[in-house]
Structure formats: structure tokens, C-alpha cells
Protein chains: 2
Amino acid sequence: MAAGAESGSGRGAGSAPSTPLATPMSAMSTTTPMSARSVRWERDVEEGCGGLERPLLLRRGTNTTSQMAVVGANVCPIESLDYEIVENDVYKQDWRSRGKIQIFHYQVLKWVLALLVGSVVGLIGFFSNIAVENIAGFKLLLTSNLMLQNRYKVAFLWYISCNAVLAAAAAALCTYIGPAAAGSGIPEVKAYLNGVDAPSILASTTLSVKIVGSIFGVSAGFVLGKEGPMVHIGACVASLLGQGGSRKYGFTWNWLRYFKNDLDRRDLITCGAAAGVAGAFRAPVGGVLFALEEATSWWRNALLWRTFSTTAVVAMVLRSLIEYCRSGNCGLFGKGGLIMFDVSSQVTSYTAMDLPAVVLLAVLGGLLGALFNFLLDQILRVYSHINEKGAPYKIVLTVAISLVTSCCSFGLPWLTACTPCPPELAASGRCPTIGRSGNFKNFRCPPGHYNAMASLFLNTNDDAIRNLFSGGTDSEFGVPMLLAFFAAVYSLGLVTYGVAVPAGLFIPVILSGASFGRLLGALTGLDTGLFALLGAASFLGGTMRMTVSVCVILLELTNDLLLLPLIMLVLLISKTVADYFNKGVYEQIVRMKGLPYLEVHGEPCMRSLVASDVVSGPLITFSSVEPSSASAPSWTRCGERDTTGSR
Amino acid sequence: MAAGAESGSGRGAGSAPSTPLATPMSAMSTTTPMSARSVRWERDVEEGCGGLERPLLLRRGTNTTSQMAVVGANVCPIESLDYEIVENDVYKQDWRSRGKIQIFHYQVLKWVLALLVGSVVGLIGFFSNIAVENIAGFKLLLTSNLMLQNRYKVAFLWYISCNAVLAAAAAALCTYIGPAAAGSGIPEVKAYLNGVDAPSILASTTLSVKIVGSIFGVSAGFVLGKEGPMVHIGACVASLLGQGGSRKYGFTWNWLRYFKNDLDRRDLITCGAAAGVAGAFRAPVGGVLFALEEATSWWRNALLWRTFSTTAVVAMVLRSLIEYCRSGNCGLFGKGGLIMFDVSSQVTSYTAMDLPAVVLLAVLGGLLGALFNFLLDQILRVYSHINEKGAPYKIVLTVAISLVTSCCSFGLPWLTACTPCPPELAASGRCPTIGRSGNFKNFRCPPGHYNAMASLFLNTNDDAIRNLFSGGTDSEFGVPMLLAFFAAVYSLGLVTYGVAVPAGLFIPVILSGASFGRLLGALTGLDTGLFALLGAASFLGGTMRMTVSVCVILLELTNDLLLLPLIMLVLLISKTVADYFNKGVYEQIVRMKGLPYLEVHGEPCMRSLVASDVVSGPLITFSSVEPSSASAPSWTRCGERDTTGSR
């Protein structure tokens, strides 16, 4: 059995808080018979978790569960999950007592659930994409039409109020219904998969708020992405499917009881996170690698294979739905393919002469990425003071940022002069484009002219990235314009992340990286489309510090394998440079949220720590046979409960 | 420090044989002072490893080393490597006593070595590729010229004797100089990375024989690949660089002493194996995933990052050398790009109607893959009887297989009728091609006709695969011809693997899978190029049972991301089907070689094993403080020695 055979122990992120309790707990579970334990569970559930005299390691208390106990989420704010199998007598007896049918049932169910997670996440990813394209498309189309009628003030008012209303709605949802849904969600999922459970991050309310809030947030024109939220959505879907719906709403199935333990739930949530990435970027292999690289330190090959199957289902669902939309049944969704930013049609060639510029780009990208992490940290600290004051403050902050963003995206094109169209494109009617997408946006420009800034800013983020990556358009965006856009996007990305909407970091980072790269390409006179792509890679390496998964995601986004050596080089350099200054952005946020996530590399001081440094006495021990009627010490109660309802 | 912080324990493949000794060993290293140990090492080296009264777990004896002892390879045939860090007092003291400069030195060296491995493996991969293309190209060119002069008998004699001489040379090398170089090498590397060390698999003679033998073997027209050997070559290079050359030849450096332990050497060899795949397939990401999925069960994120850097170097080396060859400086090497079998220019579209045929293909691929594994197992058993009879028998067997292969590849085209060229290609002079490569080989055909079988068989394997993958050529290869080619390649692949030359399994499997897929495509009237690719995927899934890495390798080979969902589906089905029958081909070979590799999933009977089932008494224990002058029990001597010379 897969679950039974696992003996890997990974980094053991969750072990730290449970260290003082671990030994007595496992000693107890070795000797207490199953039935006695379940009796005590039920009693404990009724009693609640009061009167704790247990030693406090963390600010808000800690907890430990064995892999057979089901995690309670209501009472203790942060829990430590134990993914290690304690192969004691009880465990072995439990496995031996199971019939062949039960084991077959478990195996089949494991696979059915993984594939179900893939389909559901694929559907959610696709429909949230359609919703965004239609809401944002309608907003931009109406703005554009009003401007064509020279009703500029009305257009601006419509645009800014549309954005503000969408932002306020998203913020209200996140504030009043699902506070855990704000932000990216990747840090929480990362912490969960490494053994740290925060309250209600995988609840059904969080899931619904995350979906709706993310659609509203992206449609509101914020400089944020839906990729991080999709990872969180995938994890939520997996968690809810694994426990057979939400117990809080009386919606649960008994035959899913095998999955009500930390280990199987963790496996399923790993699949969910991978499916999220696959659904967001349409990058199934990237999703598997993301789950492997960023999210989980407890890895084994069986999980690789299951994760791969899940993302394969996502890819197939997306492929067939996109094929269906090609016939124009999905409103403004457009006719995009499985590749989001396809650059394979461009002939990008590079020689050894380009190498110094590429290295320079990578170094600068690493520096700016590290600076991004530093500034984000500072800004989040300021925001946390504002957000702590109460729900209305959160909404006001969100609307304020929305207003600033709207002013930027409408005002900067206003300040930019019109550019004459390239003659060959003007003749073929491809410039200016009067409508929603296209490289050359008409924005109060005379016929035959286009507004370069509007092509990037008064657009969905996806279209802006597509424009930046496009090759053969070296003269389309001038240097001052790119500089202004880069500065605006970099700052807006920084100030947007902390507001109370579901906000991914991938898109802002790619957007600012691509504009920076294109700027450098324009300055050095090299291929701007290529440099935009490499700039995005350098910023991703500089902020996220992932390598293999970012590399594969970029390949799956752009479909140009010939650039692989260059992308790898850029990632290598930018990560190395940025690692010199600070940690990856997700690790920073995990730390800021107070989740007790253990680093890959321990601090040097930890080498000499002994148990007495982190626990306070008196030590409570169990005798090797403990009478089941004896009341357990009160601090063990919290660890063994059965209230998964809220998740 | 990376090495110090590692606490992962993976599957622990190597732990099994060392189990009976593990406890006393670690107890000893806790208490014995460093200096006393090294004194004993030296004495043991002089004494050798005689008079062993230790309990025998394996047929030929077993051994265990701590992570600080250096592994000896001369005396005990199979060793168990211990990658677990025992964080005892000695270990901590050793780390604390190191100065900052030493730690910096270690860190820098670790990276320099990883990048050096990348460059060297990239160079070897490239130059062996050039050698093969030139030797095989010259052979085929001369054959073709002789046939154009109607001197068929001379052509046949030249062709068959060329192949036989090359085969005999490769077999002689493998038999007399480096017996460990025969075969794929992936099973041995897989076993090594999972903690089982077989004698001289990473020695410098093995490396040189593997390189030269692989060039000869591939040039001899065998149905085998150079991909498996490249993985072995990468591992050898990493091992030799890590120990600073071969001690046997007095060629070693003292400042590499940090790397003379199991853990650091394992890390480096992981990088080497990944670099091998990257160099063989020009697939850097696939290399990382191969190392992750197939080779190692001891994984951590720091290693992912280092492996990635190594393969990035490989990709850059290959990219620049191929760029250099484009100007025609490399003889017959040709003008290929970084993508070996580029199909991205073909417009392959598929609809839901194709799905049943794809599923059928995947199921049949899984069945034929499992059959391949079964038959290979049987054939290897027969071959081992022949090979055991002595060196001349090995060479005779190799030459015999070479003669059969030559007769097939020269005889089958002879039996195939000529096909008239498609008129549009004949007009443009692209059919028939009179020369080395090209889709339409002229083989004693009248002008305007080509021989389809010769286009596949009288060619290098790489060119044959390229022809099979090529799209828009549905009528090029007829159904009977494809059936004959598939049967020939499938059987030749089976009988070739066991002969005494370095032989990879990837190419035979891809070749037979592609011909099978193309056959099915031709039978169902669907896109033959697409089905050839999917057929290759289904055979790879059915024999190797790798998923993510095969998927990425196929993507990097063909550069068509749009096929990703289909490839994933095919891999999923074929692996599932084949898993029902037997194990992956590499695991089979590992087991047949008698390497004590632990399965991912333990046998059910193992659940109830206790220590007394696998050890025999009397149990020797140490007291907690042991006087350093006391003579250690003789069975520990073998574990602590310093003779890495032969590797």
C-alpha cells in the first residue's frame, strides 16, 4: 500500500512545534487500544479544549496529532500535522484487520478522488477565465466605445467606478465572509503541505470567496493575477472532496472515512495545488513541478505519478473546453489556444554577442526581484496596521488602491503622445485596432495613429503580457513609455498585494519583468520580444526563487523550447544574485503570517539546541500500559478531536 | 550547510542490508574519538579484510559505512551506502571545528564541480554524437555509392563487415577492459543512487570503455541507443571529478577531501546522471526529472537546484557547439538544431473523434511494453548462460547479433518493392534522395522511385525516428512495410540489449513504438506522424514506467507542446496497463543483477518481519565507551577503509 510503505521524512517542517509532545504521544499511541482512543475522542469533542495547562511554545498555542487522529481546526489556531507513519502495533493491527475489499476500495477511491480534483479544478479554472474575460472585456469595450464618441469624462467615470465597485465587492467578500481568502494563498498551501495547518484556510467559504473574489479582483483591473488563488482553490477543492464535502453543512459521506487522516489528505491537497497551477497557466508539467519544488517537502514517487495524472486531467479538460470555445460560444473569451503567450511563430535567434546583455539583464532582474521582496515586506507591515483597525478600513484601502490603479491605467495613456502606425500595418488594417485586443490600441488618437501606453495599460494583464512578449515589433513601444510602464507596474504590484482581495504575484512579476526586459532590449538594440521573455524569467527567479518549475511554466506559456538554454541561464543568475539579499517572497510571507515553517537550512544556532531549550517542565510521562479509563492529561485533548467541519 | 542540514530519509533503499550492523556502528561512532578512528583505518587498509566471521545477509557479503567513512570498493563486491547523517557528537564537533574558509571552500567547490560535470558531460555527449554521425555516415555513404555503381555484393560485404568489425571492437573492449560498461548502465546508476554500490561501476576504465564502446556500438547499426550509456557516462564523470581523478593511477587531489564521503558523492552523481540525459536527448529539464523520478529516492530541494544548474550548463554547451557546426565544420554531422526530432512545423490537430484510437493505441502500447519486459527478462537469462562461458563467447554472440542485424537492415529493403515518388516531390527533386539522409532513400530503385524500407532501416536510428515522426507523409510508408519494420525492430531490440556492448533501451523502444503507432495510424486512416509520436510515448510508458520525465523528454525531443494533453493521456493509460503485468524494465534488470534494491512498495510479507528474521547471532554489542586500543570485531573492518582507488 502506498500509504503504508511511506517511510520518507522530508524536511519535517511540522515537527518543530510538536517536538516536546512527540515522544509521549507516540508512546501512548503504541499502547492504547483503538477502541479506547475513539471513545476518548468523542468525549473530548463534547468537552471542548478548555483549561489548558500545557506548555506554550508558540504565541497562540500549539498542537500535535498522530497520523490516525483527525485534525481539529476550531479551537487551536495553528496546528502541526504529522505526516510520519508511526509503525506501531496498533497501526499494523489496523492494516491487518482490513479486508481485501477495503484495501481495494481505498486504492480505487484514492485515484478517483485525484482525477475528480483534476476535473473540478480544470472546470473552475476555465470558467473563472471566461468570467474575467467577459466582465473585463465588457468594461473595456464600453469605455472604448464612449471614447470613440469623444465622451471622455463619461468614459473615465464609467471605467473608474466599474473598477471601484468590483474592487469593493471583492474586498467585502474577503473581509466579511472569508478572511482567509485574501492574498495569494500559496504561502498557506506551502505551509500546510509542510505540516503547518492554519485555521480555515481550506474551508468551503474560503473556496467560494476565493473564486468569486479572484474573478472580481482581476476584472477590476488591479495589477494582480489569478494564478496564486488558483493554487489555493485547487487545494481547497482537494480538501473538500477528500473529506466528502463540508461537515459544517451536514454534507459528508461515511465511505470517505479512509481519507480523514493527515497523510492522505496531504497527498490529495498536493494534487490539488498542482492542478491549480496547471489550470491557471495551462501548464500541466509545470504544475507537477511547482507542487514538487515549492509546496511540499514530503515527496515520494507514487505522489509524482498521481500528481501527474491529476494535471493531465486538467490539461484534457482545458483542451476540450477551449476547443469548444473556438466556435465563438464563450462571449468575449476569444480564440486562444492551450498556449497562453505563444511566441513559437517568431524566429528568435541569438548569438554569443547577446550573452553579455543577457547576463546583465539577469543580474539586474535578480537585484530588482530582491528589492521587490524587501519592499513588499515593508509595505505589508504598514498595511497590517491599517487592516487591523477593522473591516471598513480594509475595504477603504482596497478601493483607494483601485482608484490609484484606475487613474494610472487611464491617465498614463492620456499623457502619452500618439504614435503613427507602421505603414505596412496601417495599410492592412491591423493598426490601430479599434476594439478589445490587438497590439495597437486607438486611444483618442487620429486615424493612422495608436497609443502605445493604452495598448499595455488599458487592457487585461494577459493581453498586456502578450503584447510585451510579441516579437518583430521593436519600434512599437518607445523607451520612455516602457520606463513609465515598468515603474507604474512595479509600484502598483507592490501596493496591490496586501489589499483584501485574492491576489496572485505571478502576473505582476511577469508584467514588470517583461517590461523591464523589453526596456533593456530597446536600450541595447536587441530583440525586444526575446528580452521581454527573459526579463520575466529574471524577475520570477529574483522574487519566487523557484527554478525548474518556473522554467517549465515559462516554456509551457510560450511554447519556445529553443530559448531553454537562455531561460535556464537567466534563472540561474537571477536566483543566485537575489539569494544573496533575502529569502523568496513566499517564505517571507509565511514567516510574516507567523506560521512556524521550518527553513530548508537550519539557523547555525539551532545546531546546538537541545530539548530542554524549547520545553518547560514538568515532563509528563506515560507508563507503558495506561488504563483506558484514566483521564488523559488535559493537554492531549486538543490533539485528538474530530471536528473537521469548518474546513 | 546543505550537507549538514539534510535530514531527509527517502525510501532508504540501502538501509536494508545495513540494518543488522547499523545500531552498533552508530553507537561506536558516537563514542570513538576521530583520531583513533583514522589510525584504525590505516591499519585496516594494510591488513585487508580477511577472516570474516560476520553474519552474511547477501550471497556475497554485505558492508556498511557511516557517512564519514570512505567506501572501500575492492574487497566486498556489493556495498550498502549510508546517506543518512548520524548527528552524533563526533559529527557536530567535526562541523564546529571547521573554519569559515573551509566551509566556503566546500560550498564553492560543490558548485564548481557541479558545473564542471555539466561542461564535461556536454562535451562528451556532443563529440560522441559527432563520432557516430561521421563513422556511420561514412559507412552508409560508401555503401550507397557502391550500390549506385550496381556493385551490390561488394556493397553488402562492405556494409556487413563494417558492422561486424565495429561490433567486435566494442565487444572486445567491454569484455577484456571494462566488463561493467556493457549494457545500459541506468540500472546500476539507479541502484547506486538508492544506496547500493556494485564494484567498479564508476571506475575510469568503465568510463572510457563506455564512451568508445557506445560510439562503436551505435555506429555498427545495432538497434540500440546511446542514451542509457550517456547516463552512466555522466555518473562516472561526476564520480571521477568528485574524487579528483583515479587514485589507482596516482592522479588525485587532496583539496577534494570533502567530497570523499557517500553523501556528497551521491549528490554529485545525481547531477551527473541528469547531465547524461540532458546531453543524450538535448533535454535539460527532462534530465532533471529523470534524475528525480528514476534515479534517486533521496531527494531534497537543494539538489533540484544544483541538478538544474548542471543540466543548464549542458544545454548551453550543446547549443553553442551545434551553432558552431551549422557552418559545416563537423563533417557529416549535419545541421540539426537543439531539438532532435522537431515536429512543431507540422500542423497536427486532433478532435474528440480521434480519442478512441488514441486510447486503443495506449492500451496496446502498454501490453506490448509489458511483453517487451517479459521477453527481455527471458532472453537475458538465456544470454547469461552464454556469457558465463567466457570472453570469446561474449564476442561471438555480439558479432552474431550484428550479422543478423546487418542482414535484416540490408535484406528487408531488398525484399521491398520500389514505390513511385509523389509527383510534386519528384518534380522538386526531393524524391528520391541520393545521399545520406532524407525521407526517400533510393535503393536500387529506378529514377523517380524510392525504397521505403531502406529509408528506415538503412539509416542511423536517429534518422529513422525522424522519418517516422514526420507528418504530412501518410502514404510514404505502406502498412505491410510498417508491419515488417515493427516486427524486425521489436525483435532486434530484444536480442540486442544483452550483448556485450554499451546499449541503451530508449532508442529501440522509441523506434518500435513509433513504427507501431504509425502502423495503427495508417490502419485507422489518422495522422500518421502524430500516431508515431504517441506510439513512442505508449511504448516508453509501457516499458520504462516513467511518466513525468518521459513526457518532458518527449516534449523536448519534438518541441510540440500542443500534444501535451494527448501524450499525458497515453502515458497514463499505458503505464497503468503495463503495471498490471510486471515491473519496469530497469527494476527488472536491477533485480536480475542481484543488486539488493528495495522496492518502493514493500512486499506484504515484509510488514511482519522483525530483526531476528534477517540476522543470525550472536549479537555483538559495544559498551558506551570503548577503549580505542581494543581490537575491533573483525566484521567492522571492511566498513571503514580508504581504498577508493578502483573507482
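Glycine is no exception: its Cβ is also placed from the backbone N, Cα and C atoms.
Remember, TrEMBL labels are computer predictions, not curated facts.
According to TrEMBL, the protein has these features:
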type     : residues  : note
REGION   : A:1-40    : region 'Disordered'
COMPBIAS : A:14-36   : compositional bias 'Low complexity'
TRANSMEM : A:111-135 : transmembrane segment
TRANSMEM : A:156-181 : transmembrane segment
TRANSMEM : A:201-224 : transmembrane segment
TRANSMEM : A:268-292 : transmembrane segment
TRANSMEM : A:355-375 : transmembrane segment
TRANSMEM : A:395-415 : transmembrane segment
TRANSMEM : A:482-507 : transmembrane segment
TRANSMEM : A:519-540 : transmembrane segment
TRANSMEM : A:546-573 : transmembrane segment
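Residues 167, 170-171, 174-175, 179, 181-186, 209-210, 213-214, 216-217, 220, 222-230, 232, 280-281, 368, 372, 375-376, 379-380, 383-384, 387, 394-395, 397-398, 401, 404-405, 408, 412, 416, 453, 456-457, 461-462, 465, 515-516, 518-519, 522, 540, 543-544, 585 of the same chain lie 6+ residues outside the transmembrane segment (A:482-507) yet bring a C-beta within less than 8 angstroms of a C-beta in it. Contact between the transmembrane segment (A:546-573) and the transmembrane segment (A:355-375) is supported by 3 or more Cβ pairs under 8 Å, counting only residues 6 or more apart in sequence. Contact between the transmembrane segment (A:519-540) and the transmembrane segment (A:355-375) is present: at least three CB pairs lie under 8 Å, with pairs separated by 6 or more positions in sequence.
Counting Cβ pairs closer than 8 Å and at least 6 residues apart in sequence, the transmembrane segment (A:156-181) and the transmembrane segment (A:395-415) reach three or more and so form a contact. Stretch with the largest number of CB pairs closer than 8 A to the transmembrane segment (A:111-135), among A:201-224, A:268-292, A:395-415: A:268-292. Here the transmembrane segment (A:395-415) has long-range neighbours at 156, 159-160, 163-164, 166-168, 170-172, 175, 220-223, 383, 386-387, 441, 443-444, 451, 453-454, 457-458, 484-485, 488, 492, 495-496, 499-501, meaning same-chain residues at least 6 beyond its ends whose C-beta is under 8 angstroms from one of its own.
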